[in-house]
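Asker: Pasting the relevant annotations from Swiss-Prot:
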{"type": "DISULFID", "residues": "C34-C71", "note": "disulfide bond"}
{"type": "DISULFID", "residues": "C36-C64", "note": "disulfide bond"}
{"type": "DISULFID", "residues": "C57-C72", "note": "disulfide bond"}
{"type": "SIGNAL", "residues": "1-19", "note": "signal peptide"}
Amino acid sequence: MNRLIILVFAAVFLTLASAEVSEDVNMAKRGVPCRCDSDGPHVRGNTLTGTVWVFGCPSGWHKCQKGSSTCCKQ
């Protein structure tokens, strides 16, 4: 059982390590949608135009929300 867990972790690690850096930029809407400051006030029906990125905004994106949030917009 322990060998199986180690094998699974190794497969996940190798998959992440071999991923190209540019894949994050090519997948524009991967992640959780968020509300940018330009989206207007909190009203039902407003679209969420930003995307939350865990490790900050990738190149070509900019931070679109004031504060410590990582809500980014292309």
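Backbone N, Cα and C define each Cβ position, glycine as well.
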Asker: At the Cα level, what's the spacing in Å between C57 (disulfide bond) and C71 (disulfide bond), rounded?
Answerer: 8
Asker: To the nearest whole angstrom, state the Cα distance for the pair C36 (disulfide bond) and C72 (disulfide bond).
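Answerer: A Cα-Cα distance of 8 Å.
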Asker: Suppose we draw a 10 Å sphere around the Cβ of C34 (disulfide bond). How many other Cβ atoms does it contain, all chains included?
Answerer: 19
Asker: Rounded to the nearest angstrom, how far is the Cα of C34 (disulfide bond) from the Cα of C64 (disulfide bond)?
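Answerer: So the Cα of C34 (disulfide bond) lies 10 Å away from that of C64 (disulfide bond).
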Asker: Tell me, if you would, which residue among C36, C57, C64, C71, C72 (disulfide-bonded residues) has the fewest other CB atoms within 10 Å in the structure shown?
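Answerer: The disulfide-bonded residues C36, C57, C64, C71, C72 were compared, and C57 has the fewest Cβ atoms within 10 Å.
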Asker: Measuring Cα to Cα, how many angstrom lie between C34 (disulfide bond) and C72 (disulfide bond)?
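Answerer: C34 (disulfide bond) to C72 (disulfide bond), Cα-Cα distance: 8 Å.
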